[in-house]
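Worksheet: the structure to be examined is printed underneath.
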Amino acid sequence: MMRSPKEFGSDEGVEKPEERYPREYGERAETSESRRVSKGQAMDLLIECNELHVPTALVDEEIDALRNQTRSRLPAGSSSMELPRDMFESQAKRRVGLGLLIAEVIKKNSIKLDDERVRQTIEEFAASYEQPEEVIKHYYANQEQLAAVQNVVLEDQVVDWVMEQADVVDEPTNFAELTAES
């Protein structure tokens, strides 16, 4: 049986996680942020190119959902605080409109969920945990969490479709510039 230097009271030759992961983490964060910015731009383009009439009932439901989300994040005792409807209206209209547009793009273009991308997305997320296999099993065992990942992947597939339709110009940037746009 081979023993590690750490077992003998020495850290020499033992790679510390903070030394091994910074570059990998930084690259992953940069890719993720770049994808988030591209996704936002694609969604903005989708809205700009389509006249949108959103049903009031759906907007009202979304406002209620946003209010509840906000209340759940407030400190204990403030959950009864009144959150004005107009505070959430534009965000709710955008979310409902995007949901309807995304559904229409999926339908009209016969976009099918890419199960391989779902698996890759779960594996990428699980990689940051000590026991990634357990996290992967958990996602596939929990239908609600699996459905959430599937929705994100399907939305990403719509973003890919939008980007294919648009004249995309790659602009060199760095992580600081990407995060400054947020």
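Just so it is clear, glycine is given a Cβ too, placed from its N, Cα and C backbone atoms.
Please treat TrEMBL annotations as automatic predictions, because they have not gone through curation.
The compositional bias 'Basic and acidic residues' annotation in TrEMBL covers 1-36. Annotated region 'Disordered' per TrEMBL: 1-39, in sequence order. Marked as domain 'Trigger factor C-terminal' by TrEMBL: 25-164.
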- [ ] Give, as a single whole number between 0 and 100, the mean pLDDT over the domain 'Trigger factor C-terminal' (25-164).
- [x] 89
- [ ] Summarise the domain 'Trigger factor C-terminal' (25-164) by DSSP state, stating how many residues are helix, strand and coil.
- [x] 109 helix, 0 strand, 31 coil
